[in-house]
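In what follows, a structure is listed as structure tokens, so that the remarks can point back to it.
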Amino acid sequence: MVVKAVCVINGDAKGTVFFEQESSETPVKVSGEVCGLAKCLHGFHVHEFGDNTNGCMSSGPHFNPHGKEHGAPVDENRHLGDLGNIEATGDCPTKVSITDSKITLFGADSIIGRTVVVHADADDLGKGGHELSKSTGNAGARIGCGVIGIAKV
């Protein structure tokens, strides 16, 4: 059974991101577009809460139900919400195209109802040596976010 979800990002960065998963055993395809980004890499994460009452700050930390350190999307030891970076070329829109085998739209670890956050700076993927590298990737301010909702199949 295919599950689809959508996230409308608001803030200084704006856009729409779509999620699609064929079954609980297949990767999630993430696609979309974001505008309002400076020309550089921007951290792109799923955060724990679907709460944007205080802007992006109320979305909490990266979604990390298994208590792991921050890492790259290809790392075994990573938060579920660690989706790496999107690269803005300075032109609007910035394309989002990610395929991830750790996040899911099914079951207890589903990302539906949680928040996508776009950060001002690059995610160092837990390898930067900064005090925030192992928790946030030192990706800087939260410049856009939106709650992931169920979409029509």
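The backbone N, Cα and C atoms fix where each Cβ goes, glycine too.
Note that the structure is a prediction, hence the values are computed from the model and not measured.
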Listed in Swiss-Prot for the Zn(2+) site shared with H62, H79, D82, one of H42, H70: H70
Disulfide-linked residue for C145, taking Swiss-Prot as the record, within C40, C56: C56
By Cα-Cα distance, the member of recorded positions H45, C56, H62, H119, C145 nearest H70 (Zn(2+) binding site): H62
Length of the line joining the Cα atoms of H62 (Cu cation binding site) and D82 (Zn(2+) binding site), in Å: 7
Local Cβ density at H70 (Zn(2+) binding site) - other Cβ atoms counted within 10 Å: 28
